[in-house]
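According to TrEMBL, the features are:
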- 65-94: domain '4Fe-4S ferredoxin-type' (DOMAIN)
- C74, C77, C80, C130: [4Fe-4S] cluster 1 binding site (BINDING)
- C84, C120, C123, C126: [4Fe-4S] cluster 2 binding site (BINDING)
- 111-140: domain '4Fe-4S ferredoxin-type' (DOMAIN)
Amino acid sequence: MQPLTKKVKQVERKPMTFLERLYLPEIFKGMAITFSHIFKKVPTVSYPEQTRPFAKVFRGLHVLNRDEEGREKCTACGLCALACPAEAITMEAAERVRGEENLYREERYAAKYEINMLRCIFCGLCEEACPKDAIYLSETFAPANYQRKGFIYGKEDLLIPNPLTQPEEYEKAKGERAPATQ
Ligand code: SF4
Ligand code: SF4
């Protein structure tokens, strides 16, 4: 076929030299490169036994926050859902009834709260939009899962443990970038 441009280059296949036909020098060269890597610092991180330090701007799994008395802070105002560019957040509001003052800080609370982690882009806008300091992105990875439904995180997955009744679990879930409780 006639070439359209003059960019075509004819490549010559040169006959192999005696050393090249032996293959051994090339094998030794390759082995030398392999052995030189033995003495270099290993860049591999054996996750999950080892973890890399997080960047300051890292945003991980969402946490629904409680106040220092263990009450849920979220008022189900919906601002986080409105701010979310991926439409990953849904919730259902409920009214607090008498006797539930120790459970919910405000008169309204989120009876259901869901985040679809397959949609989430971890932008942090929900955290910024929240007027109640009720949601933040921790320094924890969202764990892997084999099923899509495993990435729909409900309130029970997101709510931080109660600091009064489960102080150890609370500290563990809080992460290093947790906002101060109010
Ligand atoms: S981090 Fe961004 S994408 Fe994810 S739920 Fe919050 S606002 Fe939506
Ligand atoms: S997490 Fe914050 S912004 Fe979202 S519904 Fe609750 S109080 Fe409102």
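Using N, Cα and C of the backbone, Cβ positions are placed for all residues, glycine too.
Unlike curated records, TrEMBL annotations are generated automatically.
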Counting other C-beta atoms within 10 angstroms, the emptiest spot among the binding-site residues C77, C120, C123, C130 is C123
Are any of the binding-site residues C74, C77, C84, C130 near ligand 1, with a Cβ under 6 Å from it, and if so which? C84
Excluding C84, C120, C123, C126 themselves, the [4Fe-4S] cluster 2 site's Cβ centre has within 8 Å the residues C80, A83, P85, A86, A88, I89, I115, I121, F122, G124, L125
Work through the binding-site residues one by one (C74, C77, C130) and name whichever has its CA nearest to the CA of C84 ([4Fe-4S] cluster 2 binding site). C130
List of residues, in chain order, with Cβ under 8 A from that of C80 ([4Fe-4S] cluster 1 binding site) and at least 6 apart: I89, L125, C126, E127, A129, C130, I135
In this predicted model, what is the average pLDDT of the domain '4Fe-4S ferredoxin-type' (65-94)? 96
Cβ neighbour count (within 10 Å, all chains shown) around C84 ([4Fe-4S] cluster 2 binding site): 20
Going through the binding-site residues C74, C77, C84, C130 in sequence order, which have a CB under 6 Å from an atom of ligand 2? C74, C77, C130
Compile a sequence-ordered list of residues in the same chain as C74 ([4Fe-4S] cluster 1 binding site), six or more apart from it, whose Cβ lies below 8 A from its Cβ; state 'none' when nothing qualifies. L64, N65, M91, Y109, A110, Y113, K132, A134, I135
Rounded to the nearest angstrom, how far is the Cα of C77 ([4Fe-4S] cluster 1 binding site) from the Cα of C123 ([4Fe-4S] cluster 2 binding site)? 20
What does DSSP assign C84 ([4Fe-4S] cluster 2 binding site), in three states? coil
